[in-house]
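Engineer: Below, the features straight out of Swiss-Prot:
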- Tyr24, Cys66, Asn71, Asp103, Leu104, Ser138, Phe139: S-adenosyl-L-homocysteine binding site (BINDING)
- Thr31, Tyr156, His159, Trp160, Arg225, Phe321: caffeine binding site (BINDING)
- Tyr153: site 'Involved in substrate discrimination' (SITE)
- Asn177, Asp263, Phe265, Asn266: Mg(2+) binding site (BINDING)
- Arg225: site 'Involved in substrate discrimination' (SITE)
- Ser269: site 'Involved in substrate discrimination' (SITE)
- Val317: site 'Involved in substrate discrimination' (SITE)
- His332: site 'Involved in substrate discrimination' (SITE)
Amino acid sequence: MELATREKVNEVLFMNRGEGESSYAQNSSFTQQVASMAQPALENAVETLFSKDFHLQALNAADLGCAAGPNTFAVISTIKRMMEKKCRELNCQTLELQVYLNDLFGNDFNTLFKGLSSEVIGNKCEEVPCYVMGVPGSFHGRLFPRNSLHLVYSSYSVHWLTQAPKGLTSREGLALNKGKIYISKTSPPVVREAYLSQFHEDFTMFLNYRSQEMVPNGCMVLILRGRQCFDPSDMQSCFTWELLALAIAELVSQGLIDEDKLDTFNIPSYFASLEEVKDIVERDGSFTIDHIEGFDLDSVEMQENDKWVRGEKFTKVVRAFSEPIISSQFGHEIMDKLYDKFTHIVVSDLEAKLPKTTSIILVLSKIVG
């Protein structure tokens, strides 16, 4: 199955469900580290809203691509805590928080809402009562009424594309990115161009719909997987998909996966540079950039001395976010073998140390008028 349409991607793009060993809920520690690095930006965004003369009675906030797990709860707690702090400082009365949790229809909303406790949202008698609603659907379309959101947050979601890039087969129907699932050193220039073009189209669409939904001067905090280097085929940018492609190729060589399935599969994700992100925002013209920065974190927990333990932990993280979309192409029955092979490749690469993972923090304000 080629991920050539939005409909197909929307069906299979979600994190591993439940609370089992391979679930996203149990393997989201890396994205938790990323979110903690961006927490000051979120706190500052909430504080900024109180200085923009909104005359707030209720703050409407949305977490787009929320998945299911502790990271979502931390976002709610941070917003609520900052609102309570500002209310005490400004002596606000009857201020409420409405949080909308959004993701695609395949997301595990049951696990998400089962995890919501009074510790996260508090009770309705507190100084800032919190109300939480689920909003299933694609954030590449309209989700909310016009001028209704004060704050938009999204972590590690916007780098996912609506579909595999267009134009990755020749006129004769031959795969142009043969043996790979993402941009690599062996990919022809057309592959890089197609990925950037698809990201430009999708991110522009994302900004356009958010500009319709957000109030003037509303704040948006985005965290996305990105890259520091200029070259998108640099291993620092693409190593996860490169190693996964090697694991798939190993199973192809063993006759366990059809080679054509590998050649026709391209992951619908793009790790943009800061310059590319900034350029798209400026071209769109709906938002001002209040802050943009990139930072690197270790891809594997370096505190653990045993390289096999480190490799297995990294595999669980990758499996949690990649298995649904990978299994849709190569079959559920082969997944244990595939990720076992991936672990072996990761462990061998640990000898040379895996590259760090780059994330981008982007803080935007909607332009008035």
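Using the three backbone atoms N, Cα and C, a Cβ is placed for every residue, glycine included.
I'm curious about the neighbourhood of these features; can you describe it?
Structural biologist: In three-state terms derived from DSSP, Asp103 (S-adenosyl-L-homocysteine binding site) belongs to an extended strand segment.
DSSP assigns Tyr156 (caffeine binding site) to coil in the three-state reduction, placing it in neither a helix nor a strand. If you draw a 10 Å sphere around the CB of Tyr156 (caffeine binding site), it holds 21 other CB atoms from the protein chains shown.
Tyr153 (site 'Involved in substrate discrimination') counts 28 other C-beta atoms within 10 Å of its own C-beta, drawing on all protein chains shown.
Just so you know, the Cβ of Asn177 (Mg(2+) binding site) picks up 26 other Cβ atoms within 10 Å once every protein chain is counted. Taken residue by residue with DSSP, Asn177 (Mg(2+) binding site) is part of neither helix nor strand, so it is coil.
Sequence-distant neighbours of Arg225 (caffeine binding site) (same chain, 6+ residues apart, CB-CB distance under 8 A): Tyr156, His159, Ser269, Phe271, Thr357, Thr358, Ser359, Ile360.
Ser269 (site 'Involved in substrate discrimination') falls within a strand segment according to DSSP.
In the three-state DSSP scheme, Val317 (site 'Involved in substrate discrimination') is classed as helix. Using a 10 Å radius centred on the Cβ of Val317 (site 'Involved in substrate discrimination') and all shown protein chains, the other Cβ atoms total 19.
Around His332 (site 'Involved in substrate discrimination'), a 10 Å sphere centred on its CB holds 11 further CB atoms from the protein chains shown.
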Engineer: Where does Tyr24 (S-adenosyl-L-homocysteine binding site) sit in the DSSP three-state scheme?
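Structural biologist: Note: Tyr24 (S-adenosyl-L-homocysteine binding site) is coil by DSSP, not helix or strand.
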Engineer: How would DSSP class Asp263 (Mg(2+) binding site) in three states?
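Structural biologist: The three-state answer is helix.
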Engineer: Please report the distance from the Cα of Ser138 (S-adenosyl-L-homocysteine binding site) to the Cα of Trp160 (caffeine binding site), rounded to the nearest angstrom.
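Structural biologist: Distance between the two Cα atoms comes out at 11 Å.
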Engineer: An 8 Å radius from the center of the Thr31, Tyr156, His159, Trp160, Arg225, Phe321 Cβ atoms defines the neighbourhood of the caffeine site; name the other residues of that chain inside it, in order.
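Structural biologist: Going along the sequence, the neighbours appear as Ser155, Ser157, Leu224, Ser269.
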